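Peer 1: Copying in the features that Swiss-Prot gives for the protein in this structure:
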- 1-30: topological domain 'Extracellular' (TOPO_DOM)
- Asn5: N-linked glycosylation site (CARBOHYD)
- Asn12: N-linked glycosylation site (CARBOHYD)
- Asn19: N-linked glycosylation site (CARBOHYD)
- 31-53: transmembrane segment (TRANSMEM)
- 54-64: topological domain 'Cytoplasmic' (TOPO_DOM)
- 65-86: transmembrane segment (TRANSMEM)
- 87-103: topological domain 'Extracellular' (TOPO_DOM)
- Cys101-Cys179: disulfide bond (DISULFID)
- 104-124: transmembrane segment (TRANSMEM)
- 125-143: topological domain 'Cytoplasmic' (TOPO_DOM)
- 144-165: transmembrane segment (TRANSMEM)
- 166-209: topological domain 'Extracellular' (TOPO_DOM)
- 210-230: transmembrane segment (TRANSMEM)
- 231-246: topological domain 'Cytoplasmic' (TOPO_DOM)
- 247-268: transmembrane segment (TRANSMEM)
- 269-283: topological domain 'Extracellular' (TOPO_DOM)
- 284-303: transmembrane segment (TRANSMEM)
- 304-339: topological domain 'Cytoplasmic' (TOPO_DOM)
Amino acid sequence: MDLINSSTHVINVSTSLTNSTGVPTPAPKTIIAASLFMAFIIGVISNGLYLWMLQFKMQRTVNTLLFFHLILSYFISTLILPFMATSFLQDNHWVFGSVLCKAFNSTLSVSMFASVFFLSAISVARYYLILHPVWSQQHRTPHWASRIALQIWISATILSIPYLVFRTTHDDHKGRIKCQNNYIVSTDWESKEHQTLGQWIHAACFVGRFLLGFLLPFLVIIFCYKRVATKMKEKGLFKSSKPFKVMVTAVISFFVCWMPYHVHSGLVLTKSQPLPLHLTLGLAVVTISFNTVVSPVLYLFTGENFKVFKKSILALFNSTFSDISSTERTQTLNSETEI
């Protein structure tokens with residue numbers, strides 16, 4: 001993740017705006033750090049509760065397994081947030097050493113890719129359940145979901161290797177140690193030839209991260225949920241608005257939470273003007289914090305009427321994270337047989 005590396009831009013933005021306009025702008029680092037600490041506290045408690053419920057209080061199904069790993073990726077992300085917040089508060093000064101610089105940022109990258117891939121896997125699993133029910137009944141099992149989860153974690157780890165290679169600490173000769181990407185892979189940071197090579201490597205990493213970590217998964221999610229919604233409507237499987245709400249929530253939350261981060265990464269790559277960098281960084285921090293903390297809550301409360309929560313939190317979890325009802329599954333199988 002490049003958010004730690006980008007805080008230098010925020011500090012420079014505040015200074016340059018103050019010098020050019022004479023009007024001091026509030027330093028956003030305190031607000032950003034406070035948001036990260038708040039997200040950490042809420043995220044650890046809420047995601048920890050979700051993991052406990054999904055693991056010990058619910059039936060082991062494809063949906064609950066995939067949601068468990070999705071929320072596990074959110075939980076891992078929240079554990080890194082205090083270290084990011086500390087770096088922001090110290091003007092991007094990294095005090096945790098080179099090894100943790102690599103470890104924390106590669107871990108954030110793994111959890112980012114994993115969360116995106118699990119959201120895609122959930123949409124694909126529902127696609128097969130509704131459009132190919134016979135195949136799903138034979139092959140869509142908890143064991144199948146476990147293998148998918150393992151493949152996702154391995155893929156996310158492989159795609160995060162660049163952070164282990166390029167992430168390093170660097171002395172800026174101003175009394176600060178920065179944890180940032182060194183795409184030059186050299187101690188000669190000032191060499192023009194090395195900087196050109198580093199720019200190309202940076203661009204390749206950005207394109208790969210944008211395509212594999214946002215655009216392609218987003219298209220997969222839209223395609224799957226569009227086909228699922230159409231099929232369920234045709235076969236009269238929409239007994240309530242619950243499935244539709246969950247689908248819409250998945251698409252909207254995915255786009256809103258991740259688009260600002262990739263926009264900011266693109267602006268950093270193109271060395272955009274300070275103000276857009278300043279604004280998109282703050283927005284990216286807020287939306288990513290929102291994603292790790294609030295997205296599971298959105299799934300929960302769009303899954304069933306809020307009144308159910310007053311009766312039983314477990315019933316609410318079951319209505320949200322379990323597969324479609326046996327009646328709906330039977331109707332789908334019958335429809336498939338007729339076809």
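Just so it is clear, glycine is given a Cβ too, placed from its N, Cα and C backbone atoms.
From a predicted model like this one, the values you see are computed outputs, not experimental measurements.
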Peer 1: Based on DSSP, tally up the residues of the topological domain 'Cytoplasmic' (54-64) by helix, strand and coil.
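Peer 2: DSSP composition of the topological domain 'Cytoplasmic' (54-64): 6 helix, 0 strand, 5 coil.
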Peer 1: Can the transmembrane segment (104-124) be said to touch the transmembrane segment (31-53) if we require at least 3 CB pairs below 8 Å and skip pairs under 6 apart in sequence?
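Peer 2: Output no: the transmembrane segment (104-124) is apart from the transmembrane segment (31-53).
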Peer 1: With DSSP helix as H/G/I and strand as E/B, how many residues of the topological domain 'Extracellular' (87-103) fall in helix, strand and coil?
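Peer 2: DSSP classes over the topological domain 'Extracellular' (87-103) add up to 10 helix, 0 strand, 7 coil.
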Peer 1: If you draw a 10 Å sphere around the Cβ of Cys179 (disulfide bond), how many other Cβ atoms fall inside it, taking every protein chain shown into account?
Peer 2: 25
Peer 1: Determine the Cβ neighbour count for Cys101 (disulfide bond): the number of other Cβ atoms within 10 Å of its Cβ.
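Peer 2: Excluding its own Cβ, the number within 10 Å is 23.
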Peer 1: Per DSSP, what is the residue count of the topological domain 'Extracellular' (269-283) in each of helix, strand and coil?
Peer 2: 11 helix, 0 strand, 4 coil
Peer 1: Could you tell me the mean pLDDT the prediction assigns to the topological domain 'Cytoplasmic' (125-143)?
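Peer 2: Averaged over the topological domain 'Cytoplasmic' (125-143), per-residue pLDDT gives 89.
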